[in-house]
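Enquirer: Among the features that TrEMBL reports, domain 'Aldehyde dehydrogenase' is placed at 3-451. Sequence annotations record features per position, and here TrEMBL assigns active site to 231.
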């Protein structure tokens, strides 16, 4: 049994039964059977089922919000803004756009592929195992589920064992929706259930979580060469140049570092501010942070840290930074699972808080003299998930963006790029591989099939037997398409090739 302990009170509020291996096997075989007919269903009919899920979520927003807040500890505004709204946005986007995104694409062919037409089709993969995290337990479960279903797959979902009430709520949504109940199976449990969903040999694995667990999933998936997408952690830098709008940048820094109590893979975890504006920036972020309310209720800004173990990591990073010379300008206090938003200066890259994913309400700040140094600082990490650049010089901003090693980047904004359903989202380096959202998301859950249709009646140039004449024709093709020859000769060669192919 999974004991549900409220991060808000620390008390056990419910127990949720874990799925047995036998239940997982039954779910897998049910999903395997269902995927055959579901995969043959037209995309237009699939999105009708997605619309049913969309409507069920929309009709139950208040209770979903309540459950997320109780289970995860976040304030209800965060649940609405960062869990429910992005899920609805993406579902609506795929309802409207999936038929076009997944339609057969026409591609070109070399001219000597005479009377050949080329296409690409996107076909379902089969059964997808989705293993989701606790920080955005609704969004990071439902978005991959909706995407996989839209692409024609069936799904085995393991919600985080830290937030099983949200998992139960997702199961309720699927049950209430007017769809085939064999398409999605919600399987509650911890490490053993997650391992089983990898070992059972699905056709695709989609994992969101830590780097350490992601490496284990990748290793185990390699036994069957199972395709997988890994959405892992980040240590996202914010670069503030001397010409930046400091009022806007400071407001964004406070939000980007402290929203969801910093338990966000795309949160601002490092700030690099030009030395000429450092003092005014620090003054503003301290002032704005002091106005934030920590607690639970409609007017609270920061909720509880979801796991006691995570609160321990956050405090360890803060304390180690102070031991190495960092100065706390604000915060640094803990009361049970609540941590005050913490601003630190005099930090450096020898500190955990500048190297490891803190995943908490911290804002470590360093200054720089030259933009080249800021870029070096930003790239001095094993992660590459998200970043932001703050300057009023668009040319400079784009130059910096091209040099930051990251999967996603913002100019003069922060965090909310993950909420754009039309943009792909994914990391580089140890932040993961692959992406989802946007057209790329549907293709992440699809096999790509190349199709060529040949209506030529003649034998093909590449077929046996090889002859001296064919060899000369091939040389002519190479010269024509890749050589530096005058236009008139090129035209004559093309006529010759058309006749011979």
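Positions of Cβ are set from backbone N, Cα and C atoms, glycine also.
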Enquirer: Residues with Cβ closer than 8 Å to the Cβ of residue 231 (active site), same chain and 6+ apart in sequence?
Expert: 140, 206, 207, 208, 209, 265, 425, 426, 427, 432, 434, 436
Enquirer: Determine, from DSSP, whether the residue listed as 'active site' sits in helix, strand or coil.
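Expert: The residue listed as 'active site' sits in a strand per DSSP.
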Enquirer: In this predicted model, what is the average pLDDT of the domain 'Aldehyde dehydrogenase' (3-451)?
Expert: 98
